[in-house]
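Asker: According to Swiss-Prot:
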- CYS190: active site, nucleophile (ACT_SITE)
- 1-12: compositional bias 'Polar residues' (COMPBIAS)
- 1-23: region 'Disordered' (REGION)
Amino acid sequence: MSQDVNELSKQPTPDKAEDNAFFPSPYSLSQYTAPKTDFDGVEHKGAYKDGKWKVLMIAAEERYVLLENGKMFSTGNHPVEMLLPLHHLMEAGFDVDVATLSGYPVKLELWAMPTEDEAVISTYNKLKEKLKQPKKLADVIKNELGPDSDYLSVFIPGGHAAVVGISESEDVQQTLDWALDNDRFIVTLCHGPAALLSAGLNREKSPLEGYSVCVFPDSLDEGANIEIGYLPGRLKWLVADLLTKQGLKVVNDDMTGRTLKDRKLLTGDSPLASNELGKLAVNEMLNAIQNK
């Protein structure tokens, strides 16, 4: 007999691999995860056939987020936020390269994996080797960026691990500078827009000042996520708050699956935006290729 959802614990689940670290509570996972996504098919299967243009994904290599109360949240990149947009891109014909800050393996929130979703699972299996042996971002910058680079877009998936290191990385800053200077796309969602904070490092103002973005609502990280035991405490800083202080305009204060295009910056508000963000990225990239 299945357990009633209201009987599930709202206490975060201890992660025995680390001191004072916790996974989300059973109750929160019942609310935030599902065996399938809203994937409803690929719109442009095989539409890109030339083979030149690729996607550079900057993924998280750190699992633990240290919180205000000294506890750690055991996290990673959210599998739906990573793999569903990539499914649309790969099925359209774009290859994907994976990079992390140090070249260490990508960390995923496997507890959020939709185990009955063929689109997500098949993409995970195709990328598994690259996720375990990613490129070092500094090497990508040195050897593969420039005006003639084969990367048409930079993709930064979410999951709370995106708030660790990536927002303070000079390598991420250089990558975003390159994308902006060379008219390439920046695609990100949920907590992934924390990476955009790096654009303002050691500068009087961010080159992204004035851009509009969707991002995971601070109000949920400050409220419901703690109340239902998804987070074991408060984050030390909030993504939307700091983006706003850098002059970006956060257009949402809720989680509805909203996506947004502002010039070459494509954003989504949460895992609920993964499917539509993937479609948006494919459409925009194909249009850009046609107009080159």
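Each Cβ is built from the backbone N, Cα and C atoms, and glycine gets one as well.
Burial and contacts for the listed features, if you can.
Answerer: Look at CYS190 (active site, nucleophile): DSSP puts it in coil.
Tertiary neighbourhood of the region 'Disordered' (1-23): same-chain residues 30, 64, 70-74, 111, 227-232, selected by CB-CB distance under 8 Å and a gap of 6+ residues from either end.
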Asker: Same chain only, sequence gap of 6 or more: which residues have a CB within under 8 Å of the CB of CYS190 (active site, nucleophile)?
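Answerer: Counting only residues 6 or more apart in sequence, the Cβ neighbours of CYS190 (active site, nucleophile) under 8 Å are HIS78, GLU81, PRO157, GLY158, GLY159, ALA162, VAL215, PHE216, GLY268, ASP269, SER270, PRO271, ALA273.
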